[in-house]
Amino acid sequence: MEEKMVHLAADAVDHRGSPADKCKTGGWLPASLILGVEFCERLSTMGIVVNLVTYLIGIMHLPSAASANIVTDFMGTCFLLSLLGGFLADSFLGRYRTIAIFASVQTLGTGMLALSTRLPQFRPPPCHAQSTTICAQASASQMAMLYASLYVIALGTGGLKSSVSGFGTDQFDENDDKEKPEMNLFFGRFFFLVSLGTMVAVTVLVYVQDEIGRCLGYGICTMSMLIAILIFLAGTQKYRYKKTSGSPLIHIFQVLVAAARKRSLQVPKDANLLYEISTESLRIHHSDQFNFLDKAAIITREDYEENNIASPNPWTLCSITNVEEVKMMIRLLPTWATTITFWATHAQMITFSIEQASTMDRYIGGFQIPAGSLTVFLVAAILISLAVYDLFIIPTLQYWIGKPGFTNLQRIGIGLLLSALGMAAAALAEKRRLANAKEIAQSTATQPISVFLLIPQFLLVGCGEAFIYTGQLDFFITQSPKGMKTMSTALFLTTLSLGFFLSSLLVSVVKKVTGWVGDRIDNGRLDCFYGLLAILSFINFWLFLLCAKWFRSKTTRKDLPVQRAGKGEDEC
């Protein structure tokens, strides 16, 4: 009786720790469960974020600038903590446990937030906009509960975000010619569900929060995360798991420490004298850039005496391939730095732009659009831009110049330019809104000016996000060494984090120095603040062009490792 042929996935195990059978694990079934987790996470997180500034101003009675900074600091922390999640996943927990643990943490945080909106002791007494008395701001204990809830959510979101996409791609064998295209399709579906979850959040959940109650709205966010956990655990026996291989951060520090210890040595002119143990198929050839790092690969007498040269102490001797991996990451940093400003401008779309919308006429017939739902135009612009790019721009460029679309650097540049134009449009719209505000009585809660005046800024920044997000993700993944994909993804997410923190810093400095950002936007000069952001964005775009030119001149394909994909096996 013939035994059934077992098809094993490369470098993967099943839930028992045995080599993963392709017929029984991985593929689209478990990948779909992971996509469901991401949809629920986006629904929960964005359901809180997009309407948070109206809660802080209208319910907690906080000043406009302070409310904006709370939102941007929260979002910045979410993305920054993805570094922690990535480190734990790579070094200790693995992606499966990381997702399960941090999804539970996020569920706890959203539950705390829902509870704080339900119990009156966690918010100040109500205050009407036409009231002549000063509204009492939230007390220290009330703010403590709010901060505790938000940053527990941030911890959960950061840890979850670091591993979801990676665990999804683990379900496909990149060395199998039949599964590798499915992995590329997974990225497209992943980003689509991210946008779909955001779309549902900014329409349905924002409406529930404004018209029915915050407690119910945040309660739905909590239930969404509970459903995400159940969906995720349901696929335990079907997932493929990758063993932890150590954090790339450790490998980077090892090269830096080894180079520092040998800083007095001179790098040999013949690169073949440097230490190398990688096989030819995985080797990264030596480059002449950042030569001081080559000292980490110099073989000394002490390396022979104190270590087994076949397996040396990585803190004193590193292979030239490891050194070149660090060089590749360093080359990404100038481009990385010039994309931070975009996310600072993006932060205005979920803070001040929402507050602008809350003061304007939002009626369509007898229906009033919730202020937070204006971000639906941002999401719509992203989805439309992606569709136009895939269906029209790529075929057109393929036909006329033989290239399948814009390069990743070109997409990043387009995104930066569109965001700068978006801030210019925002400045003009706010100037008109402020002029209208001065013509009417200060006691009027809603200005007789249509909220659709703000649509151009949402559309331009949304189109910019579609290009820069996909361009950044492509750039950091394809231009980084194979062993540091998680690290490069985390590096990409830090641009979002630092962009939100930059927004908070700019708001604080501008408020203190110029007073353009006041406690109420009608009493400030938000148009000047937007104009400042537009100027900074155009300057940043010019700097990006210089960095992109430098990167292209310093990077050659020979620096990249040769990666041979295996042939697909017979179907099950």
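In case you wondered, yes, glycine gets a Cβ from its N, Cα and C as well.
No curator has checked TrEMBL annotations; they are predicted automatically.
Among the residue ranges 74-93, 134-153, the one that TrEMBL annotates as transmembrane segment is 74-93. At the 8 Å Cβ cutoff, the transmembrane segment (190-209) and the transmembrane segment (215-235) share at least 3 close pairs (sequence separation 6 or more) and count as touching.
Using the rule of three or more Cβ pairs under 8 Å, pairs at least 6 apart in sequence, the transmembrane segment (412-429) is in contact with the transmembrane segment (529-548).
Beyond the ends of the transmembrane segment (43-62), by six or more residues, the same chain brings 68, 70-71, 74-75, 78, 106, 110, 113, 117, 123-124, 127, 135-138, 142-143, 146, 153, 157, 197-198, 200-202, 205-206, 209-210, 214, 217-218, 220-222, 224-225, 228, 350-351, 354-355, 358, 370-372, 375 to within a C-beta distance below 8 angstroms of the stretch. Within the same chain, residues 334-335, 337-339, 341-342, 344-345, 348, 352, 409, 412-413, 416-417, 419-420, 423-424, 426-427, 430, 506-507, 510, 516-517 sit at least 6 positions outside the transmembrane segment (529-548) and bring their C-beta atoms closer than 8 Å to a C-beta of that stretch.
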